[in-house]
Amino acid sequence: MWYVSTRGMAPWVDFEGALFSGYAPDGGLYMPEKLPQLDRETLRQWSVVSYPSLVKELCSLFIGPELIPRDDLNDLIDRAFSRFRHKEVVHLSRLKNGLNVLELWHGVTYAFKDLSLCCAAQFLQYLLEKRKKHITVVVGTSGDTGSAAIESVQGAENVDLIVLLPKGRCTKIQELQMTTVLRENVHVFGVEGSSDELDEPIKAVFADVAFVKEHSLMSLNSINWSRVLVQMAHHFFAYFRCAPTLDLHPPPPVEVVVPSGGAGSLAAGFIAQKMGLPIHLVVAVNCNDIIHRTVQRGDFSLSEAVKPTLASAMDIQVPYNMERIFWLLSGSDSQVTRALMEQFERTRSVSLPKELHSKLSEAVISQSVSDEAITQTMGRCWEENQYLLCPHSAVAVSYHYQQVDSRQPSPPRCCLAPASAAKFPEAVLAAGLTPETPAEILALEHKEARCTPMRKGDDWTQMLRGLIEDLSRQRQGRFRNAPA
């Protein structure tokens, strides 16, 4: 299996190349050069297996056995999910009024990013040990990626992790999950800015190809192919748990509602669909509605500013993974994709070509959800089911309730739930409900925290480069002083 850049100007790489690179050298994102097509028999066989088994089947299609033999791959995935609280790893809650909620948040940090990052970290460490290499991972976060990345690599000898978080713009719990991990290989910056603003110094550092190579840098943000790969399993699992039967020809569709910020899970759904999974996609966003405007009007442009919302992990203006969707819908046309994305990077505003917009609006339904609708949805779900939704899950469920109230016939529907309500007590209170906070989250309040501020006016890029250089120097010093 080879991977190509969506912009078509970079050499092909294998899974290892895509995992370690994040962005391709031409600024594009890696995609499989061709997608495997799944027949009815494969779908039927997969329909009865567990979530971890689905991840293993999918990963084995995209990671060559010469790189990670199948037995090793299975062991790595088992290890990745070993600390999840639910025996199924992910769990489908069937609630009143046909509401199916796929809980993707049973990992250590109570968010869906644990699923893909735990796997990515296992793949990384396996390949680093094999190659006797060390890397420094740089991650920007809007709330959940940072803590999931920290959890997945803390204490690893061959990985240093640098996290940039938007100070005061995550929930208190999200921030504490990052700043209270006092491991030698974990380094956290608190940035006075939004998650889009903190991406700028990261992009600037990664644009210096020689620096990236010298210091063995990589990113594990949502653009990393390994994360999109694991997220495809959410869609397959949702389909198999919600489809009434697989005996019809063609198999019946299931509508999957994806609450989205960076469009990683949405891109994963598009790929699953292209492989033959009969899902209909709905994307639900908060007031930061670039994805919604792109679907509705072909308007792929930044608003003046990020609006803080109750669904804070989705307070994102630049949904990087839309590039993968444009590439897929344009028939893998890297020229069209490159022209589009380069114009967007220059002007921060693009009108999609008519044909591409038409394909996008046929392929996905979109909806933008206000804070008021989020709290109403959380309240209604509690009233009907005594079930607490996090604000991001409520963005998806809001669409479901709208459809139920309109009494329109529709296929079975599954709403992806990216985080536990336990992480968002502020939003639960705003909905007039009582937060339920697990003991290990309450304990964070009493832990020592460590975080280096990046203030307005500081040279953020220089601060990031400086830490990377310091870590390389320390590593070389340890290497020189190691006993022969």
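Backbone N, Cα and C define each Cβ position, glycine as well.
Here is what TrEMBL records for this protein:
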- 3-81: domain 'Threonine synthase N-terminal' (DOMAIN)
- 105-329: domain 'Tryptophan synthase beta chain-like PALP' (DOMAIN)
- Lys113: N6-(pyridoxal phosphate)lysine (MOD_RES)
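Long-range C-beta contacts of the residue listed as 'N6-(pyridoxal phosphate)lysine', restricted to its own chain and to partners at least six residues apart, with a cutoff below 8 Å, comprise Gly107, Asp144, Thr145, Ala148, Ala149, Arg227, Pro418. Taken through DSSP, the domain 'Threonine synthase N-terminal' (3-81) splits into 37 helix, 9 strand, 33 coil.
Taking the domain 'Tryptophan synthase beta chain-like PALP' (105-329) as a whole, pLDDT averages 94 in the prediction.
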